[in-house]
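So that you can see what the record holds, here are the features copied from TrEMBL:
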- 1-20: signal peptide (SIGNAL)
- 23-289: domain 'NADH:quinone oxidoreductase/Mrp antiporter transmembrane' (DOMAIN)
- 56-76: transmembrane segment (TRANSMEM)
- 96-115: transmembrane segment (TRANSMEM)
- 152-171: transmembrane segment (TRANSMEM)
- 178-196: transmembrane segment (TRANSMEM)
- 202-219: transmembrane segment (TRANSMEM)
- 239-258: transmembrane segment (TRANSMEM)
- 278-298: transmembrane segment (TRANSMEM)
- 290-342: domain 'NADH dehydrogenase subunit 2 C-terminal' (DOMAIN)
Amino acid sequence: MTPQAKLIFISSLLLGSTITISSNHWITAWAGLEINTLAILPMISKSHHPRAIEAATKYFLTQATASTLVLFASMTNAWHTGQWDITQMTHPTSCLILTSAIAMKLGLVPFHFWFPEVLQGSPLMTGLLLSTVMKFPPITLFFMTSSSLNQTLLALMAVLSVAVGGWMGLNQTQIRKILAFSSISHLGWMTIIISYNPKLTLLNFYLYILMTAAVFLTLNSIKTLKLSTLMTTWTKTPALSAMLLLTMLSLAGLPPLTGFLPKWLIIQELTKQDMATMAVMISILSLLSLFFCLRLAYCATITLPPHTTNHIKQWRTNSPINTTTAILTVASTSLLPISPMIPTII
């Protein structure tokens, strides 16, 4: 892909996200989502590999269906109430359809089927965009309509997402699929609290972006896509592998790392809302995600040669660690001490 084409696609991504985030009318929000979809498709399929073409096709069909449902929900609401404003979504049927559409956009259970396959067929940097930037507009629509969404449906999808995201990630050997199921699990945590404290959902999303970007950039630096390759990275970049260990544990939500901060605040908020049973349930289910993140951390640092993998040992490189990766990695492991300040901000 030429630099000019890449610049056009990145600019279109930023434009589409900005249009959706800043719009009050459903038509402009829908247009921004469509611009985003059309901009990311060439970046998914740029390798011209059959797996990449398959991923782009699956992504296009799923996102087109979700966008159609968003338009249908907004038209149904306008038909009954005369309102096209995003915050005036009041008709119950329209709210139900909109919840399903945004869940499909994000990859929440039971609409999660496309996300691991698309991430597996995409390059690492495109996977980073799919996991972070492409989820920002749908999360914003969730935030703007949170007061009118069906809380029971959201709680059900959230618990299923945490359960399925943890369960399906257990037997994976491809790192991109593991990160996809980790993303589904994190989205469950964001969804369960959005009706009660939407700002806490945004805080969780920002920290998720921070940790996921650190993991993807680290994997891109060490050119690793599967567990058998990850087992040989310690001899190549020991410092980066050690920080990858901490970042993965933070992504799993292990105290005293940054990833524990949003989970702690969400459990606290659920307890205040008399949902202690739900808090206990998702806390126990999140142990599944902790297990496969521990597995990644184990393969990255503790499994040292000689071992039983048949992969060729990679040569040590002298390339310096990217400054962005270093900053994101430090931030994704050491922000827990600022947690007392968070409730006063949000």
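From the backbone N, Cα and C atoms, a Cβ is placed for every residue, glycine too.
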Six or more residues out from either end of the transmembrane segment (152-171), which same-chain residues have a Cβ under 8 Å from its Cβ atoms?
96, 99, 103, 108-110, 112, 116, 177-178, 181-189, 191-192, 194-195, 275, 278, 281-282, 285-289, 291-292
Sort out for me which stretch, of 56-76, 178-196, 239-258, 278-298, has the most Cβ pairs below 8 angstroms to the transmembrane segment (202-219).
239-258
Can you name the far-off residues of the same chain, 6+ from the ends of the transmembrane segment (278-298), with a Cβ under 8 Å from a Cβ of it?
155, 158-159, 162-163, 165-167, 169-170, 172, 175, 178, 181-182, 185, 188-189, 192, 227, 230, 244-245, 248-249, 251-254, 263, 266-267, 270-271
So which residues does the signal peptide (1-20) touch in its own chain, when a touch means Cβ under 8 Å and the partner is 6 or more beyond its ends?
28-29, 31-40, 42-43, 46, 129, 133-134, 136-137, 140-141
What parts of the chain pack near the transmembrane segment (178-196), using Cβ distances under 8 Å and only residues at least 6 beyond its ends?
103, 106-109, 112, 115-116, 119-120, 127, 131, 135, 139, 142-143, 146-147, 149, 151, 154-155, 157-166, 168-169, 172, 204-205, 208, 212, 215-216, 251-252, 262-263, 266, 269-270, 273, 278, 282, 286, 288-289, 292-293, 296
Spatial neighbours of the transmembrane segment (239-258) far in sequence, C-beta under 8 Å, 6+ residues away:
182, 207, 210-212, 214-215, 218-219, 221-222, 233, 264, 286, 289-290, 293-294, 296-297, 300-301, 321, 325, 329, 331-336
Going along the chain, which residues at least six beyond the ends of the transmembrane segment (56-76) come within the CB cut-off of under 8 Å?
26-27, 29-30, 33-34, 37, 40-41, 44-45, 84, 89, 91, 93-95, 97-98, 100-102, 104-105, 111, 114, 117-118, 121, 141
